[in-house]
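Enquirer: Here's a structure for you.
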Amino acid sequence: MKSCAVSLTTAAVAFGDEAKKMAEGKASRESEEESVSLTVEEREALGGMDSRLFGFVRLHEDGARTKTLLGKAVRCYESLILKAEGKVESDFFCQLGHFNLLLEDYSKALSAYQRYYSLQADYWKNAAFLYGLGLVYFYYNAFHWAIKAFQDVLYVDPSFCRAKEIHLRLGLMFKVNTDYKSSLKHFQLALIDCNPCTLSNAEIQFHIAHLYETQRKYHSAKEAYEQLLQTENLPAQVKATVLQQLGWMHHNMDLVGDKATKESYAIQYLQKSLEADPNSGQSWYFLGRCYSSIGKVQDAFISYRQSIDKSEASADTWCSIGVLYQQQNQPMDALQAYICAVQLDHGHAAAWMDLGTLYESCNQPQDAIKCYLNAARSKRCSNTSTLAARIKFLQNGSDNWNGGQSLSHHPVQQVYSLCLTPQKLQHLEQLRANRDNLNPAQKHQLEQLESQFVLMQQMRHKEVAQVRTTGIHNGAITDSSLPTNSVSNRQPHGALTRVSSVSQPGVRPACVEKLLSSGAFSAGCIPCGTSKILGSTDTILLGSNCIAGSESNGNVPYLQQNTHTLPHNHTDLNSSTEEPWRKQLSNSAQGLHKSQSSCLSGPNEEQPLFSTGSAQYHQATSTGIKKANEHLTLPSNSVPQGDADSHLSCHTATSGGQQGIMFTKESKPSKNRSLVPETSRHTGDTSNGCADVKGLSNHVHQLIADAVSSPNHGDSPNLLIADNPQLSALLIGKANGNVGTGTCDKVNNIHPAVHTKTDHSVASSPSSAISTATPSPKSTEQRSINSVTSLNSPHSGLHTVNGEGLGKSQSSTKVDLPLASHRSTSQILPSMSVSICPSSTEVLKACRNPGKNGLSNSCILLDKCPPPRPPTSPYPPLPKDKLNPPTPSIYLENKRDAFFPPLHQFCTNPKNPVTVIRGLAGALKLDLGLFSTKTLVEANNEHMVEVRTQLLQPADENWDPTGTKKIWRCESNRSHTTIAKYAQYQASSFQESLREENEKRTQHKDHSDNESTSSENSGRRRKGPFKTIKFGTNIDLSDNKKWKLQLHELTKLPAFARVVSAGNLLTHVGHTILGMNTVQLYMKVPGSRTPGHQENNNFCSVNINIGPGDCEWFVVPEDYWGVLNDFCEKNNLNFLMSSWWPNLEDLYEANVPVYRFIQRPGDLVWINAGTVHWVQAVGWCNNIAWNVGPLTACQYKLAVERYEWNKLKSVKSPVPMVHLSWNMARNIKVSDPKLFEMIKYCLLKILKQYQTLREALVAAGKEVIWHGRTNDEPAHYCSICEVEVFNLLFVTNESNTQKTYIVHCHDCARKTSKSLENFVVLEQYKMEDLIQVYDQFTLALSLSSSS
């Protein structure tokens, strides 16, 4: 890889030269300059330092010398840059970014990386830069951009030495984004890598087990946890966390066994967990939940008390305590506990509903209504309709209620309002520190805050004195079985963290003091305001669960005197969690606020910077596990999605338990260590496994960010270099004054992944180089010099640097880049000008120097190509009246029309994204009955059918399961059955529909009534619940013996649409690709959906409707797939792998044209290359489909682009493009110059790579064994990363002996075994054979030119 290290010798010389030019009289200035000069030894030590050492370099204790050296280097670089007015080599900024990153000065690192990105056109070649940039994004929780940066690293350098760290972070971030399949894949890739990592394999295995848990795969999770417990020398903290998770799963999840048995196991596991880590507040809390569920009230209270003593107060814990008090007929204590809960988390829906229930039972409907309204405002209360009905009921009947007197000895509003929020306390400290410089308004504000603070202290002492002896009554338990769901049953989230052994004094609500001073709880130091994170740095964070916004004043009404008990209201009410906070991380939801003592947003914001999941004001007091002299934060949160009954019905709390799984590696052990953060874990029956990824750094640090914060924070601290304004301005660039202001919309813009499409096809795609041999980086990388400071306008054009054009700013003196002995040798050197004209002899001669000629990856196009990017929306945008274009359709009257050559040309024309050929079956006399359900059952009734369970919805709409809002995610769960069983379902569905129609006819007498009822039914469909349907899909008809008649019938089609033909690229693959060069069948009932997608590798497709019903199609041209990809990312969906159904309103607003048409029986739909489409059945019907690859430059280009995009996204390409390209060269005479150039260059590239790798293996003493290849042998893919492996197969010794041949690519083999001692290298093609194919593949003369 290309190094970004600046020659420190050159830097020192340049610095010295500048010093000589200074006036002799400025001795003090010269002395200052000499103080930051670097010695030869220092330059050598710094020569090998870049982002790859992040997390591995020690800066404290014995590493203090390194920290000092890095600080000195930063000052030297800053001084040099300042003197040169920013006109220095771009690599200076990159190295400055690395040094600041290693010093964990993320804002400075970000500024320097920004500058390097704006100056370096081919920044993407620098893997160390991309990695460092990804780490900064990761630190700031800008996961959308961190993912892109890390994927770029793996794309340009798959053998990157920190690939394991990247896969680990990608796994965590995809878990946050609920892309569980991708998350699991990256965790597994991290697990097989033998390179050093900041987490142990046991810790990674824990993440995998927890990932299963978050997907509700409880049995798989249980097996994974139990298997992890069998690991030898398992760290105590990992063991404690695993036992904690197992205990909670037995209590809360649907595991085998009766309730008593599961509770018994749960208690045993939790007790064992506490033996391993007695200071885990979370385990104590879970134990309290278990005791509560079996009626052991005193034990439950003791456990809750321990939880509060061991960790900071959480809203969930206080809500659970309130429920127990309520059960014991202690309404006043219950009231105080609920008040504590809502003070700690004003959005705690369950606590508000519990409080409302309490007021209802005491005949205070108006107060109950206020609480219910607060609950309804919470994002975590999804079932607002039931709650609204309850509020309406109380409003209508409140006049009949009898009021009583308050049980409270003091106004609850007073308690609530006197608790200063952490923001106000911080603001008070700031005002006190600047007392002498305040204006009159600020002085008045200071007086008010000080007065309120004194009253709060007085109230606290008064309450402690009043209730010192208050406790739990020892009377009979009114309900021997306390509610098991006294807090929401959301799955908690295993977390690997540590709690500070010395809690810092903090501010807590007065009611907390009161209840802690009662007989049931000790009045120990239980801060809810601050926590000290263990580690070498004393970072003090204000806890996010002590938030009591000023808007809440007066929202907690008085509790009137009433002697009634507190009955359970058995009103079903769901209070599920809020939408996952990750949705706000994508495009400008994060503020980049960070101060030395607090991460709060500022005095004007009531919420902390970052909410980890459904517990929006989540307690963030976690650290982690002792490791070898390094600190690592590896959070992992649970963002529950399941519904949980509220306390209005059975006391279920809903504050989401988001826990950060954080390992802390340090040199000194701590007494109090917990792998689970002591946070609110009112968790529910599911866990969305959201990883609160706060930093994976070599120091413990946390960023509490606000998931719903405004994109622009005017009062946020500046992220620039505050101690050097001049340097700050230089690093920003004088033309860009808004860089680094602490807002996420600025941060998002820094990433080099701005979508751009130039005239050279897709500029950001490797295939942009297809038409030109060696394009200039400037032409293909125009986006790199777009304004890097405002992603709000990513296409703001070129900007100047220091008043000059970019070209001038880059004309500074170039310096040599020294390499330390341990520096990666995978340099990216300037690519040679490559032509497709040279013979194979010249090609091989040019690459006789293994490892020294370009990229190490297997990109089959130009070395100069950056990682691929989706295209932006075409410009100018279409007018609104052009967004519903007519669908290109052709009507066939006879067989001659079907074979008319212009039909083929019309279908394959790139200007036609889709073509509907009407009447094809009739014109060709196709016997569609061969594909009818009846015939299929008669032919092979036990044939396997993949079944997708879906919700019946209108074709142009897609609602969430509750029917409350339109979404992109399309529910489609997979299972399997047989043709016979699905045929039975298909028939019964039809019969049921007939019965429903008959019932409608008998019930309604006139047409108007029918219309009214139809309208009502339509409205109900949108409100849910929706009817469940089953769609039979992907039925394989490839077996010629089983489906001979059906496959023979399809030979009647014209050649361009046939499954097998000489002009079909997929025919030349040489082996079967199910569903692509074979036929697949689909069996449908009304509403069956094929979600949005592009065909595999962007190949064309043919689809024929067998009937008897119709299908409705929605089609978007290929040019707009980037827009749909962006929509998917905004909705936390994977464009390639997820199931999604576009919202037509969103597409209309984005000016995306949509073709919409009906496919009738006998119609053939031709989907052109790259076209995006989704389909819904209107009636009962069957369809058949397959893919076709026209022999055109457009098809090949789009196929290669998707091949590279799949590689970037770690998705397997079903079509092996390298293998296919060599077969095309053998079998096809190509007359199209563009297509010929693309294929020829692919061959050249692969030939170079093969020669280079083979020579490197021979030079290393690794034997290459001839293996050969059978005729129909499929192309090979790496069993680890799933990239295509051509010719040289790395096979494990064991599989080679057993003849199973488990193939690895070279990079994965090296990661598994650095010296390849466990692998055998098999060769499938002789070099002579490939040389012959390459030389003989020449441009054929077309018929027109020859004539």
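From the backbone N, Cα and C atoms, a Cβ is placed for every residue, glycine too.
According to Swiss-Prot, the Zn(2+) binding site annotation covers Cys1278, Cys1281, Cys1305, Cys1308. According to Swiss-Prot, the compositional bias 'Low complexity' annotation covers 761-779. Feature annotation from Swiss-Prot assigns region 'Disordered' to 571-621, 633-689, 757-819, 990-1026. The repeat 'TPR 1' annotation in Swiss-Prot covers 90-123. What Swiss-Prot lists as repeat 'TPR 7' is 315-348.
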Enquirer: Quick check: which same-chain residues outside Cys1278, Cys1281, Cys1305, Cys1308 lie with their CB within 8 A of the centre of the Zn(2+) site CB atoms?
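Expert: Going along the sequence, the neighbours appear as Pro158, Tyr1277, Ser1279, Ile1280, Glu1282, Val1283, Val1285, His1304, His1306, Asp1307, Ala1309.
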Enquirer: Give me the count of other Cβ atoms within 10 A of the Cβ belonging to Cys1278 (Zn(2+) binding site).
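Expert: For Cys1278 (Zn(2+) binding site), the count of other Cβ atoms within 10 Å is 20.
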Enquirer: Should Cys1308 (Zn(2+) binding site) be counted as helix, strand, or coil on the basis of DSSP?
Expert: helix
Enquirer: Tell me the residue counts in helix, strand and coil for the repeat 'TPR 7' (315-348), as DSSP assigns them.
Expert: 27 helix, 1 strand, 6 coil
Enquirer: Check each residue in the chain of Cys1281 (Zn(2+) binding site) that is at least six apart in sequence and keep those whose C-beta is under 8 Å from its C-beta; list them in sequence order.
Expert: Pro158, Leu189, Ser1210, Cys1305, Asp1307, Cys1308
Enquirer: Work out, from DSSP, the number of helix, strand and coil residues along the repeat 'TPR 1' (90-123).
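Expert: Breakdown, helix to coil: 28 helix, 0 strand, 6 coil.
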Enquirer: What mean pLDDT does the predicted model reach across the repeat 'TPR 7' (315-348)?
Expert: 90
Enquirer: What is the total of other Cβ atoms whose distance to the Cβ of Cys1308 (Zn(2+) binding site) is within 10 Å?
Expert: 24
Enquirer: Could you tally the C-beta atoms, other than its own, that fall within 10 angstroms of the C-beta of Cys1305 (Zn(2+) binding site)?
Expert: 25
Enquirer: In the three-state scheme derived from DSSP, which category covers Cys1281 (Zn(2+) binding site)?
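Expert: Its secondary structure by DSSP: coil.
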